[in-house]
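Annotation source Swiss-Prot lists ATP binding site at Pro79, Pro80, Ala81, Arg82, Gly83, Leu84, Gly85, Ser86, Ser87, Ser88, Ala89.
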Amino acid sequence: MRIRVPATTANLGPGFDSCGLALTLYLTLDIGAEADSWYIEHNIGGGIPHDETNVIIETALNLAPNLTPHHLVMTCDIPPARGLGSSSAAVVAGIELANTLAELNLSKEEKVRIAAEIEGHPDNVAPAVLGNWVVGAKLDGEDFYVRHLFPDCALIAFIPKAELLTSESRGVLPDTLPFKEAVQASSIANVMIAAILRNDMTLAGEMMERDLWHEKYRSQLVPHLAQIRDVAKNQGAYAACLSGAGPTVLVFAPRNLANKLQTSLQTLEIDADVLLLDVEGSGAEVFR
């Protein structure tokens, strides 16, 4: 059996800790034979465990402690610590592993709830489970979210080779915002969401680049954001914004501009991968 979980981008600018979008990069987990102990084969490196301390196995065992150990093989296109939901993908893969082997028959809603409990909020985990675009909130321990189709457009991901830990990126954020600024930040997010619902990527893109919640604070850690925005704007893109906590920057553009933008971004003197992606519509899947 095979489990496949997509990457995700969170925030989309002003949709801070609320908006998430599934992307066509994947964590894939092949479930092999039963074994005496858990072992997860991978070539990711970076100190990621091969035993039951791996997040995937740990998550599965928290849900189903009596699971029979298996040999697992993980391949992952999602680079860690780049703002593309790698930790959320691992958590969701663990939930799917337990659900499959223990025949828990969890609903998608239950999977989102469990994953959001582990991750703290649903902005990455909900699209990883459900696919497409999700707007969510965690209030008094309860998850509220809406899944909707995202407008058709090209997505160009500028993924620096250097990592940026979420903890470091969150560390530069203020504890509070002045009331007047928070009202303005909220109104910007509201217009962005309404524009997306109306398939108006021109207006949505304008709002994406006017975030007041987090990007101006994180820009000191991601100096290439301004460069990418200049390139994107000059070539007719809708917007460029941080993917999650960064350092990845995601460019939204008309499809006919995708290849030109990719080529232009590849010429920047920053060590990075520049990938053409799409919205992933299905979310986590199990292939038997």
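Every residue, even glycine, has its Cβ placed from backbone N, Cα and C.
Structural mapping of features recorded in Swiss-Prot.
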residue: Pro79; record: ATP binding site; Cβ contacts under 8 Å, 6 or more apart: Ser86, Ile159
residue: Ala81; record: ATP binding site; Cβ contacts under 8 Å, 6 or more apart: Glu163, Leu164, Leu165, Thr166
residue: Gly83; record: ATP binding site; Cβ contacts under 8 Å, 6 or more apart: Thr9, Ala10, Leu164, Thr166, Ser169, Leu242, Ser243, Gly244, Ala245, Gly246, Pro247, Thr248
residue: Gly85; record: ATP binding site; Cβ contacts under 8 Å, 6 or more apart: Ala7, Thr8, Thr9, Ala10, Gly20, Ile78, Asn124, Ala128, Gly244
residue: Ser87; record: ATP binding site; Cβ contacts under 8 Å, 6 or more apart: Val55, Pro80, Glu119, Asn124
residue: Ala89; record: ATP binding site; Cβ contacts under 8 Å, 6 or more apart: Val5, Pro6, Ala7, Thr8, Tyr26, Leu27, Cys76, Ile78, Ala128
